[in-house]
Amino acid sequence: MRQSREELIKRGVLKEIFDKDGELSIPNEEGALENGQPLGSGQVLSSSQVSLPALAELESGSAPGEPCSYEVLPTTEITDGTVSEESPTSNESGVLLSQDPTAKPVLLLPPKKSAAFPGDHEDTPVKQLSLLKQPPALPPKPIARIASHLTDPGAPVKLPCMPVKLSPPLPPKKVMICMPLGGPDLSSLSSYSTQKSSQQPLTQHHHTVLPSQLAAHQHQLQYGSHSQHLPSGSSTLPIHPSGCRMIEELNKTLAMTMQRLESSGLHTGDNVTKTGPGGLPDMRQVPTVVIECDDNKENVPHEADYEDSSCLYPRQEEEEEEDEDEDNSLFTSSLAMKVCRKDSLAIKLSNRPSKRELEEKNILPMQTDEERLELRQQIGTKLTRRLSQRPTAEELEQRNILKPRNEQEEQEEKREIKRRLTRKLSQRPTVEELRERKILIRFSDYVEVADAQDYDRRADKPWTRLTAADKAAIRKELNEFKSSEMEVHELSRHLTRFHRP
């Protein structure tokens, strides 16, 4: 069931924008290519050529039951000129879905120079343009066949959709779709894609977009303004990003989603059978979005990376399980660790080689007793040589390190020292002088001080000449004196010391 253009415009799928004078204008992009060749600067397509009859031919050319295909304008319209339409909000070119849910996306070449022509029909929808690009360095793709058909001014050329497989992904079609910031809102696009997928009878060649992927595309449309890709109901086209950093991130996410889909069992082969809303099994394929950057193609991963990624994740899970087992085994007590350390040290010490083993392995040199004696003699000769090199006393005297000595000078030095000492002793003060100066304050008063004659104490030693009998008589006399004549207190008599007889 087709819907009219007015209903689609009301729903927000199509936009109809007019200038003040009723003219339709589209922002142009410089360097527009037609299969790699630049367009002429004077080629302009009038609005009368892109009118309701041309659109009717495009709609009638594709039946709803036919396989998915891309439709290109006839060469008469392409070579004569291009349609230009300018939006009051933004000058960026965008993607506009076709006016019919069963119609196929129409790919229009962007013009080289912007031109505005009065539109005869006010109800003509805004056909915003996309770019067909084919770099010469890459191998020929299915879109490369457009060049041969564009020369024929016949019916519009149809390109069948290539079935997309998950591993390895097919080489991408060189079609770039630029999405403006102020383009159609996401809700209208999602509703359009779901409506088209539910209304069309799907065949093997059709592949729709899953709701999870549609949500992912909406998230990328919200947060990634430079790298934006729009999933349509019949095909998914690669997008040309402005930066190569986004390419690497999107390729990583694609590889992860492919692996998760394979591991979850959603894909048993190239196609997946699911029951539709009417109970009929519909064959669907999850499309693969491959993004290529022509400025820097070295960052794009190879197809072998996608094939090898399937065998990486089970190995990583096994390694993680082994690491967890090792971590659990290491949770032992500190006492056990100490015991292990002591045991390991004891084992290492017991395994130390002996001196003989080291000598056999030539680690330690073999030494006999004679060799040891020779080494000691060599060390002794070195020491004696060093000691013999010490300077003599005469050399030290010559260097004024040692002073020369004479016997007469030494005796005179000794005499001078004695004179100093006697002078100091003769100048000592008496006890009375010390009391007057209050130096001997603690000196006891009951001590009687008597002047004695000066004599040499060392000269007179009578006790050295006493015999044993004289000593015995002296001891006997002392004992008798202490026992009879000396006054002793009765309580301290036992403390009296008597000499042995």
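Every residue, even glycine, has its Cβ placed from backbone N, Cα and C.
In Swiss-Prot this protein carries:
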{"type": "REPEAT", "residues": "1-18", "note": "repeat 'RPEL 1'"}
{"type": "COMPBIAS", "residues": "36-46", "note": "compositional bias 'Low complexity'"}
{"type": "COMPBIAS", "residues": "295-304", "note": "compositional bias 'Basic and acidic residues'"}
{"type": "COMPBIAS", "residues": "317-328", "note": "compositional bias 'Acidic residues'"}
{"type": "REPEAT", "residues": "343-368", "note": "repeat 'RPEL 2'"}
{"type": "REPEAT", "residues": "381-406", "note": "repeat 'RPEL 3'"}
{"type": "COMPBIAS", "residues": "392-415", "note": "compositional bias 'Basic and acidic residues'"}
{"type": "REPEAT", "residues": "419-444", "note": "repeat 'RPEL 4'"}
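In the repeat 'RPEL 3' (381-406), helix, strand and coil residues by DSSP number 14 helix, 0 strand, 12 coil. Per-residue pLDDT, averaged along the repeat 'RPEL 2' (343-368), amounts to 85 for this model. Mapped onto DSSP classes, the repeat 'RPEL 4' (419-444) shows 14 helix, 0 strand, 12 coil. The DSSP breakdown of the repeat 'RPEL 2' (343-368) into helical (H, G, I), extended (E, B) and coil residues amounts to 14 helix, 0 strand, 12 coil.
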